[in-house]
Structure formats: structure tokens, C-alpha cells
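Undergrad: Dropping a structure here in C-alpha cells format, bear with me for questions.
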Amino acid sequence: MAVLKGVEASVLLHIRRGAPVNGCDDRGRTPLMLAAAAGRHEICLLLLSEGAEAALSGPDGRTAADMAEAEGHLALAAALRPARELKIAPEAAAPVNEEAPGEEEDTGGWLAEEDVSTPASDLSLTTRVAAVQDRISRHRVARTEDAWAMADISIPLGKRPGRPDAVLPRGVAALFTTALATGRICETWLERMLPGTGAEQLRLVRNVLDAAGVEVEPAGFWNKAVPPPVRSDRAGPDEVQDALDLLANLIEDNVEPFDIYRTMTDGIAAFGRDEEERLFRTLGDARRALMQALKAGREVLLEWLEAQEAGEGRADVDEDVDDEGEDDRETTGAADQTDLRRFLDQSTMEGTEAVGPPYAALARLLESDTVGKISETIGPVRKALFRYGQARDRIAGASLKLVPWQAWRYRRHGLPLMDLVQEGNIGLLKAIDRFDPARGNRFSTYAVWWIRQAISRAAADQARIIRVPVHMVDNIRQIERAVIEMEADGHPGGVTAEDLARKLQMQPDKVRRILRIKSDAASLEDCPDATAIEDPDVVSPFEAQAVADLRKTMARLLSGLHPREERVLRMRFGIGLASDHTLEEVGQKFDVTRERIRQIELKALRRLQHPNRSRLLRSFLDA
């Protein structure tokens with residue numbers, strides 16, 4: 001049906017899927033015969049370039065050229081005939097130069113050829129010849145000497161390492177073969193043979209065709225009566241490979257790292273539900289084995305950590321290391337030891353197994369030179385950690401394709417695209433460590449939220465020159481959306497802080513503070529001199545005294561709370577400090593989770609809302 005309708009892309013797709021180009025239908029007609037009878041010049045040329053035989057005949061003895069001629073497509077029939085067919089001249093009415101009876105024929109000195117009879121067939125000789133031919137066919141050369149090692153071999157230049165083959169558009173090899181053979185190609189056919197190819201890659205393909213001397217005709221070229229002539233001397237394997245190499249070099253020079261990453265991840269096969277259950281079952285077994293090994297050697301590991309910390313303390317007193325790289329490595333090692341000690345201290349608590357061990361910290365510590373003293377304890381830990389890492393890497397490798405799409409959504413948030421991809425990969429690893437298959441969810445559904453959270457958190461933390469807390473970034477986006485909505489509704493007189501406060505149900509002072517944070521940092525290079533920058537923080541003496549009284553009152557109220565509650569509130573709201581802190585930062589300071597810090601904060605705020613305490617602040621609110 002595609003051949004009769006002239007849909008070239010569909011015909012090419014069937015051929016690429018393995019459909020026989022010389023196959024016959026129920027009436028014994030090949031695709032070339034059907035296209036010729038329908039007068040499809042483009043389809044005939046496509047089938048010929050894919051190896052269709054024009055000399056094949058149907059049940060009625062007619063070839064594709066005969067069928068085209070019978071339907072009135074004379075130009076197509078002439079193009080399908082490889083050579084002019086010679087017609088036999090009619091027999092003369094009377095014999096020419098017939099000799100008279102009894103007269104000998106004059107041969108001009110030529111001798112008549114003797115008739116040679118065919119010898120009788122010898123079956124035994126045929127059998128022996130067939131056996132010799134079979135031995136020749138099965139013979140393989142056996143090299144026993146190594147003289148070939150000194151041979152001068154010229155290795156052809158191949159593709160440079162690191163370039164993925166998948167960057168080439170699909171079907172470009174067939175396109176180059178046809179274009180080089182014909183010397184020209186239609187613009188419409190160029191786009192149809194490379195479906196899904198972007199405009200930039202199509203431009204590079206046209207450049208390669210132009211460099212090879214192929215003329216790209218405008219749309220509608222193949223509708224002409226006479227198809228282009230075939231020049232097979234220009235469509236050899238070497239010429240086609242040269243064109244492919246040139247296109248690959250051009251694409252490699254223009255390709256972005258994100259495109260390479262996406263191309264590589266698209267080729268990764270995703271696992272099904274059964275394989276997902278098997279992999280996470282293996283991961284769970286390895287995690288439990290690792291937990292058991294750590295618990296079994298808990299005391300030995302704690303003693304080893306204490307010895308390491310004591311040794312590092314003496315080293316810090318004895319010598320001062322100025323090497324920046326060495327200092328960074330020591331800082332990383334100290335952080336790993338802290339993470340492992342915290343995990344070992346909490347290993348007796350319930351729920352620790354669900355969180356999992358500090359995988360990265362444990363892997364780095366096992367590679368250090370000082371673990372040889374506790375090799376008997378580390379052996380089971382190392383084995384379980386290896387199994388855990390294998391299962392974890394297999395799941396991560398099959399799930400990498402979840403990251404590019406989420407990173408692409410945040411491409412305008414101020415961070416490079418590949419940085420967002422790396423942050424998404426970190427979120428994917430966190431999802432693997434925290435996924436629980438027993439809850440009945442698919443891992444891909446669960447991992448997307450962790451990937452999105454990691455990317456959004458990185459965009460909020462790193463996109464600005466001056467870091468803004470994550471919760472403040474959410475408030476800024478909320479205000480930006482409100483401003484857009486109010487401006488779209490035609491709010492008279494512009495949008496003020498009071499208008500935003502009423503719409504968002506916030507305090508006007510909080511809105512003004514968010515708007516100040518929202519403004520970009522001013523650069524000294526943009527100003528002619530330093531005096532051009534106004535100081536917005538200049539306050540009157542009355543305001544300064546009021547602020548001092550408020551600080552004293554707040555200090556007295558906070559002193560009546562639990563010491564831990566007082567420290568949490570001071571860090572969360574920046575009371576007496578340079579700036580406020582997020583829940584994550586406060587949790588790291590107290591070695592607890594963000595949720596625990598939030599609970600402590602709410603409990604302390606409820607105590608401050610007691611009438612006996614809140615009345616002390618009422619005068620400041622009225623002022």
C-alpha cells in the first residue's frame with residue numbers, strides 16, 4: 001500500500017525492518033513492479049538504491065519496465081531497462097547470394113570447424129573433484145611462526161575516542177549512498193529519509209553533500225519525468241565512509257555535552273518490574289549483610305576511629321600543613337570519620353537499617369592505608385560493601401535517563417545544564433538508598449521526586465552570587481507569581497508591598513524584606529565611584545534605641561526557655577547572629593534531622609506565645 005501511494009518514508013521504514021526488497025505478493029509482483037505500474041518515479045529510484053532487481057519478471061513474463069510501458073509511463077520504462085533490447089530482423093522474402101546447384105562455396109581460405117562431441121560423464125571423477133573442492137573450502141591457514149610480528153602494518157585512522165556513534169542521524173548512510181550515486185537529491189526526500197533530525201544537523205548534512213559535489217534540488221525535483229542518472233563510481237564504500245566521517249566530525253564540533261549525555265542514556269535499557277524487584281531484593285540483602293558486619297565489628301571500629309582521631313590531633317599540634325590539597329583531603333577524611341562514628345553510635349537504634357550506612361564515607365575509609373590493623377573485622381564489611389555497590393550501580397545506570405528531563409526543566413534558573421544533571425544524579429543515588437519496594441510503588445515514580453528536589457535545591461543554593469536560603473527562594477517565587485497575576489489583571493497604580501501582603505496573607509514587613517532580597521546584587525564596576533551607592537541601612541537614633549530595647553527584651557524572653565530551644569530559635573531567626581539558618585544547617589549543628597529541629601522550633605514558639613511573655617513584646621508591635 002505504501003508503494004502504491006508513493007510514501008517514501010514508509011517504504012524505507014519497511015525495508016529497514018527487514019522486508020525483502022525483491023519479495024512478491026500473492027500475484028507474484030515485486031514492489032518494483034507495483035511502483036513501475038503506478039508510475040512512482042521516487043519509489044522506483046528508492047527501491048533500486050536498496051538493491052531491487054529490475055530484470056525480474058512476473059508470472060506473465062513481464063518485467064517492471066514492461067509494466068511501466070503498458071501503463072503509458074514510457075520515460076520510467078526506458079530508465080528501468082539496463083540496455084537497449086535488440087529486435088530480430090524479419091526473414092528476407094528470398095534467399096540472398098544463393099549458390100547454383102553443383103557450385104562449391106568460396107570460403108576465402110578459412111577452414112571449416114570440426115564437430116566435437118561431448119565426452120561421457122565420469123561419476124568417479126566428479127566425486128573426487130567434489131571432495132577436493134570441499135577440502136579446499138574447509139582449509140584454514142595455521143600460522144606457526146611469529147615472523148608476521150615484524151610486518152609493517154598501516155592502521156587506518158578511526159574515529160576519535162569519546163564520540164558516540166548514536167550522534168549520527170539514522171538513515172544517513174543510505175542517504176549518502178543514494179545521493180552520491182545520483183549526484184543530486186531532492187530537499188523533500190532529504191527530510192523524509194532523516195525523520196526526527198533537527199535543523200542544525202540537516203544543515204550539516206547539506207554541507208557534507210555540497211562538499212561531495214551532490215546538488216540538493218528544491219522540493220518537487222523527483223516529480224520530473226526523467227529520474228537522475230546513476231553514477232555508481234561515486235557511491236563506493238570508501239566514498240560513503242568519507243562522507244560519514246566528515247559528518248561525524250562536524251556534529252562532534254557542534255554537539256553539546258548535554259546532548260551526548262542524553263544520547264548515551266537513551267540507549268540504556270530500563271528494567272521491568274520483575275528485574276526491579278530482583279535488584280532491590282539483592283540491594284536489601286547486601287544492606288542487611290553490611291549492617292550485620294558493622295554491628296559485629298562496632299567496638300573494634302569505634303576504637304580504630306578513636307585512635308585515628310587521637311593521631312590526627314597530635315599531628316595538628318606538632319606540625320602545620322600548608323598544602324591546600326593535603327588540607328582538603330584531611331578535611332574529607334575527618335568528615336568521613338564523623339559520619340561513620342555517628343552511624344555506629346546510632347546503629348543500636350531502630351530504623352537505622354532503613355536509612356542505610358554512609359556508603360561514600362565507608363568506601364573512602366576502606367581504601368585508606370590504616371585499615372590493615374583491623375583487616376579481620378573489615379573483611380566482611382568490604383565484601384558486603386562490594387555487593388551493595390554492584391546492585392546500587394546497576395540500578396543507577398538503568399535509571400540515568402530520568403535525570404535529563406528534570407534538569408532541562410530548571411535550565412533557566414541560573415545554573416549550567418550539566419551542573420543540574422550532576423545534582424540530579426546525586427538525588428538519584430539518594431533515592432536508591434531510601435527506596436522501600438514493600439510500599440508497592442515503582443522506583444521511577446519515587447526517584448523523580450528525589451531528582452527534582454536535588455535539582456531545585458541546588459538551583460536555589462548556587463544560582464545567586466549571594467546565597468539565599470531555600471525557604472526564602474520559595475517566597476521570592478511566590479511573590480513573583482503574584483506580581484505577574486496582579487499586573488495581568490490590570491492592578492491600578494502598580495503593585496505595592498501592601499497589595500502583595502493582602503494577596504499572599506503575609507506581613508508587609510516580610511514582603512518588603514523579600515523584595516529587598518529579590519533585588520540583584522549591585523556591582524562596583526557598574527558605578528562611576530563608590531559614592532554613587534546609597535546606604536539603605538542608615539537609621540535614626542530613635543530607631544536605634546528601639547532596636548536595642550527589643551534585643552534586650554528578646555534576650556530576657558529567650559533566656560527563660562530551654563537552652564537547646566534558645567539556640568535553635570537564635571539560629572533559625574538570626575537573633576544575635578550575622579544571619580539566619582535553614583532547618584538543614586541547624587540540624588547539622590545539633591546532629592539531628594530537619595524534622596526534629598522543626599518540632600523544637602514550634603514548641604519554643606508556643607511557649608513564647610504565652611500571655612505573660614507575649615505582652616512584653618506588644619509595645620514594640622504597636623510602635
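Using the three backbone atoms N, Cα and C, a Cβ is placed for every residue, glycine included.
Reproduced below are the annotations present in TrEMBL:
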- 27-59: repeat 'ANK' (REPEAT)
- 312-341: region 'Disordered' (REGION)
- 317-329: compositional bias 'Acidic residues' (COMPBIAS)
- 419-432: domain 'RNA polymerase sigma-70' (DOMAIN)
- 582-608: domain 'RNA polymerase sigma-70' (DOMAIN)
Undergrad: On the 0 to 100 pLDDT scale, where does the repeat 'ANK' (27-59) sit on average?
TA: 82
Undergrad: If we skip the immediate neighbours and take only residues 6+ beyond the ends of the domain 'RNA polymerase sigma-70' (419-432), which ones have a Cβ under 8 Å from one of its Cβ atoms?
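TA: The answer is 258, 261, 283, 392, 395-396, 399-400, 402-404, 406-407, 410-411, 413, 443, 446-447, 449-455, 457-459, 462.
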Undergrad: Using DSSP, how many residues of the domain 'RNA polymerase sigma-70' (582-608) fall into helix, strand and coil, respectively?
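TA: The domain 'RNA polymerase sigma-70' (582-608) comes out at 23 helix, 0 strand, 4 coil.
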Undergrad: Quick check on the domain 'RNA polymerase sigma-70' (419-432): DSSP residue counts for helix, strand, coil, in that order please.
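TA: Its residues fall into 14 helix, 0 strand, 0 coil.
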